[in-house]
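Engineer: So TrEMBL lists these for the protein:
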DOMAIN    54-95  domain 'Kazal-like'
DOMAIN    96-138  domain 'Kazal-like'
DOMAIN    139-179  domain 'Kazal-like'
DOMAIN    180-222  domain 'Kazal-like'
DOMAIN    264-305  domain 'Kazal-like'
DOMAIN    306-348  domain 'Kazal-like'
DOMAIN    390-432  domain 'Kazal-like'
DOMAIN    474-516  domain 'Kazal-like'
DOMAIN    517-558  domain 'Kazal-like'
DOMAIN    559-599  domain 'Kazal-like'
DOMAIN    600-642  domain 'Kazal-like'
DOMAIN    643-683  domain 'Kazal-like'
Amino acid sequence: MVTSIDQLIHTSDRKSRRYEVNYMHTTNVANNLVQDVLVWNLRKTEVACSGKCPCRTNCVCPKIYFPVCGRDGKTYGNKCMAICGKVGVACNGNCPCPPPCVCTKEYDPVCGKDNKTYGNKCMAGCAKVGIACNGKCPCPPACVCTKEYAPVCGTDKKTYGNKCMAGCAKVGIACNGKCPCPPPCVCTKEYVPVCGTDRKTYGNKCMAGCAQVGIACNGKCPCPPPCVCTEEYAPVCGTDKRTYGNKCTAGCVKVGIACNGKCPCPPPCVCTLEYAPVCGTDSKTYGNKCAAGCAKVGIACNGKCPCPPPCVCTKEYAPVCGTDNKTYGNKCVAGCAKVGIACNGKCPCPPPCVCTKEYAPVCGTDKKTYGNKCVAGCAKVGIACNGKCPCPLPCVCTKEYAPVCGTDSKTYGNKCVAGCAKVGIACNGKCPCPPPCVCTKEYAPVCGTDKKTYGNKCVAGCAKVGIACNGKCPCPPPCLCTKEYVPVCGTDKKTYGNKCMAGCAKVEIACNGKCPCPPPCLCTKEYAPVCGTDKKTYGNKCMAGCAKIDIKCKGKCPCKEDCVCTAHYDPVCGKDKKTYGNACVASCHKVGVACKGKCPCKPPCICTLEYAPVCGKDGKTYGNKCQAGCHKVGVACNGKCPCKPPCICTLEHAPVCGKDGKTYGNKCQAGCQKVPIACQGSCPCKSYSNCICTKEHKPVCGIDGNTYGNKCQADCKNVGISCNHKCPCGYDCHKCSSAGMHPVCASHGETFINKCFAACGQHGQATIQCEGPCPCKL
C-alpha cells in the first residue's frame, strides 16, 4: 500500500491520448538523492517531459506535408515535427536519405531559385534547387525582346528568333536567316530589278539576298506607297492555300481569307443552337461551349462576360451556420456564398432550451430516464432508446440498402430496420409510395435487365426493371463494329459512324456521308458530251455537275485545245517518275501526279480511320496519334484541343487511399490522377466484411469532423476516432495540468491524475468509480 507520494511524473500515451501517473515511494531521502526506490507503474508509458508538471507549452506544428528524415531513421511530416521530437534532421524527404552528393571544387557560380549563390551547378543540384541564372546572385534583370520573328544565325551556330534574342544571349550574329549560314553567294547576271529594304536597287533577288538585304518591292527604287501591316503573328490561310502572317499581309497581296489559322483549313465546326452562354478567355461571350471551342478559345467561366472576381478565403476552420441552414467553414466562405450568418458553430443552431411537460420518456446515454427528448437534449445527453431505462437489447440489421416505405410514411433502409422500429411495410422503395401502376394489355415483349420477359415497356417500368433489349429474352449478342469513321445517313435521318453501326441499329442506308442527304440529281437523256477535269466523258453538262466535276472542254475526252500553264514553280512527281514544274505541266504531258514535290516520292504515311483525337503541339486536333505523326507534329495531350491546364494542389497533408491501392497526400492529388478515393487515411484500407453494427448509441467524433452513432459505424466508413462523444471534441486536455494532482479511478479500471483528465480521455466522459488510484478499496 502506498503511504506517501514524493514525486509525480505526468506521462502520456500519444497514440491513445490517455493520461496516467507513475508513483515513486521513497524510504530515505538525503542530499536530494533518491535511494532504495520502489516504482509503481500502472502502465508502461512514454515520459511527456522531464521535471514537475505541468509540462511546458506544447509543440504545435502546421499540417504542411514537407517530409524530412530524422537522425533516428524515421520520417517526420515536416521539420517542426522532427524538432518537437527532439530529433535532428538528417536530410529533406522520406527516409532513407540518399547517398551524399559529391561535387568538384570547380568555382563556376550559379544563382539558385532560392536567391542563394552556389559554387557550381552540381552543388545547386545537391541542394535540390533549380538554377535561376549563371553567375552570382542577384540575377541581372530579364532581357525583354518582342516576339517578332526575324531569325538570325549566331556565331555559336544556333538560330535565334531575332537580333534582340541573340543579344540577350550575348552571342554575335554570323548572318541573317536560320543556321547554317549559306556558302558564298553566286548569282546569275539576269536583270530583274528589285528594291531592297535599304532603298537600293539590286539586279535581281539573288543579289539582294547576297547582300543580306530584304526585298521591299519588285522593280527599281523607290517603291510605290507601301501596304503597311503590323508584325502581329495571327496566321490566316488564303484562298490560294498559302499561310499569311495576318489578315493585313494577305490583303496586301490581294488574296482572300479562307479561314483563320495555318493552312490547310479544318473542316467546318458545327454546333447546336442551344443557348448556354460562356465567357471565353478572350473576354467575349459565346452562345455555348461548342461555339467557344470552334473559335479555339478557352472558357473562363459559365455565363456572360465579364466573369465575377474570384472570392478568396483562408482554410481556417471556424464553422458558422448560414441563414440557409447550411454549415460553412468560416465567415468568409459564407460571405462568398452571399449567405448571412445565423449563429457560430455547425448547423442547426441550438434553439433556446424550452420543453413542454409532455411525458414521452426516453433513456439517455447516461442511463437516466428523461421526461421527453427535449429534456434530454437540454441536458446535452444523447438518447439511447425510447422509453424508460434500461433499454431493451439492440435490434441488429445489416447495412444493405434496399429502401422500403413504412406504414408511418417514413423511409427505412431495409425491411429489417422497419421491423426494428415495429413499423409495417407499405411498399418497396422510398416514400411516398407510387400510385398503382396501370398498363394496357398490348403485347410488345421486352427483355428486362433481370433477364425476364415483360409484356411491354410499361409492365417492365411498373416492376422498376430496366430494358435490356426489345423482344423476348434472351437478348441477342451485342453487335460489334470497328471505330472506323466513314459516316452514312440512315433512313431514320440519323448519322451513323459507319455502315456496320447502321446495320447494328437495323437501319438501312439512305446515302453515304452525314445527314441530311443531298436531293437527287436529275438530268435529261440529251447527249451533248463534255470532258471533265477528271478526264472522263459525261453525257451532258448536267451529268458532270451531278458528279461535282468541272468541265474542261466540250466534246469527248481528251480535249484538243493547246495546253497553257503558268510559270509558277510548284514541282510534282509524275506517275512516270519524272519531275514536272507544276501539276498543269504534268497534265499537259498526259501524266498523272504521283505526289507533290520532286521525285522520288516518299512512301505514304498510312493510318487507320479510328477516331481517337489528340491535340498536337501546333495547337491543332488530329484524328489519332498516327495522323499527328504523319504531319511530323508531337502530341501535347490526348483529346481535342485546347489541352486542359495542369492540375495544381496544395501541400496539405490529409492522406487518402485511392482505388488503385496507392496513398495520396490529399483528395486533390488523387483527383489530379483521376483516381477514385477508397477510404480516408493511408493505404491499405481496413476491411470490414458485411459491416454489421448494432443500434447502440455511443456517439464518437470522427477525424473528418462528423459524429457517428458508435465506433463500429465510424470503422465501417474507415474513419479514425478523434474523441468518444459528439463533435466537436471541445476538451483541451493540456489545460488539465493546472487542476492539480487528485487521482481518480474510472469505472473501466483506469487511473487518471484528476477529474479533468478523466473527462477528456479517449473513452469520453469516463464515470469515476472512486477517489484515489485504482483499484478502489472495498
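Including glycine, each Cβ sits where the backbone N, Cα and C put it.
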Engineer: Going along the chain, which residues at least six beyond the ends of the domain 'Kazal-like' (96-138) come within the CB cut-off of under 8 Å?
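Structural biologist: Distant Cβ neighbours of the domain 'Kazal-like' (96-138) are 69, 73, 90.
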Engineer: Across the domain 'Kazal-like' (517-558), what does the mean pLDDT come to, as a whole number?
Structural biologist: 86
Engineer: Per DSSP, how many helix, strand and coil residues does the domain 'Kazal-like' (474-516) have?
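Structural biologist: Result for the domain 'Kazal-like' (474-516), in helix, strand, coil order: 6 helix, 10 strand, 27 coil.
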Engineer: In the domain 'Kazal-like' (54-95), how many residues does DSSP call helix, how many strand, and how many coil?
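Structural biologist: Here the numbers are 6 helix, 10 strand, 26 coil.
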Engineer: Pairs of Cβ atoms less than 8 Å apart decide it: which stretch in 54-95, 180-222, 390-432, 559-599, 600-642 has the most with the domain 'Kazal-like' (264-305)?
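Structural biologist: Between the stretches 54-95, 180-222, 390-432, 559-599, 600-642, 600-642 has the largest tally.
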Engineer: Top stretch among 180-222, 390-432, 474-516 for CB pairs under 8 A with the domain 'Kazal-like' (600-642)?
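Structural biologist: Answer is 474-516, with the largest number of Cβ pairs below 8 Å.
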Engineer: Which residue counts does DSSP give the domain 'Kazal-like' (306-348) for helix, strand and coil?
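Structural biologist: Helix/strand/coil tally for the domain 'Kazal-like' (306-348): 6 helix, 9 strand, 28 coil.
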